[in-house]
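Below: the structure, in structure tokens.
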């Protein structure tokens, strides 16, 4: 496995690589969810590149950029064991040099859910991902379903800007008890971690009601909210039943509906989602 530290070196490497390239963009502190993306790339692509970059521009002024968990030595060992060919781990100064002043601003898909609660977040995400696509020139890029809104926005960006990359989504990887894997889970106390299982239970409630032929979004949304509110440690940010292509809130749920939830447990904010069909 080769480690690349600079943009110039990565661009030079691209000219030397033969065969399809798969990109797994990460912010490090890897878990099994990231490794599932690596395995998907290994199945389809001759060359797999993983990036490790904690992107400051997608964090708000009162968010956890400085506290975001980092362990590069551990990450590198995990990626090497997973068979990654190249790791791109640039510095903030190289990705955003002095005078940097160009941004990719997503459109309507950022106006709800995460975008409404975290202003500017998706501008930072789209800008750094566009830069990674331009620097690495992957044939495919792999993202997890847990950040579903991010996946939709990046897929739209790649299409709108004619970026020659296929944006792929892989299912959420969960712990045995249903908690969606997230680098931020490390922030949780034992009690908060137990409380956080309520997000998964709320999603299962939505799917169960849909399976029982309940199609009224208002009814399902209330049941989901009741499940989460029953946990005293949970502070809800949103409970959404949205069309999976547009993220528009649904009045009547269908096989094209996705349930999305976000809540805070102590100082830790978690998100999760589930397709109803």
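Even glycines carry a Cβ here, placed using N, Cα and C.
DSSP gives residue 145 (ATP binding site) a helix state. The annotation ATP binding site is assigned in Swiss-Prot to 27-34, 144-147, 173, 181-184 on the grounds of sequence analysis.
According to Swiss-Prot, the feature active site, proton donor maps to 34, an assignment based on sequence analysis. The number of other CB atoms found within 10 A of the CB of residue 34 (active site, proton donor), across every protein chain shown, is 25. In the three-state DSSP scheme, residue 34 (active site, proton donor) falls into the helix class.
The beta-alanine binding site annotation in Swiss-Prot covers 58 and is backed by sequence analysis. Within 10 Å of the C-beta of residue 58 (beta-alanine binding site) we count 21 further C-beta atoms, all protein chains included.
Secondary structure at residue 58 (beta-alanine binding site), as computed by DSSP, is helix. Taken from Swiss-Prot, the feature (R)-pantoate binding site covers 58, 150, and the record attributes it to sequence analysis.
Residue 183 (ATP binding site) falls within a helical segment according to DSSP. A separation of roughly 16 Å, to the nearest angstrom, links the Cα atoms of residue 33 (ATP binding site) and residue 150 ((R)-pantoate binding site).
Annotated pair residue 34 (active site, proton donor) and residue 150 ((R)-pantoate binding site), C-alpha to C-alpha distance, rounded: 15 Å.
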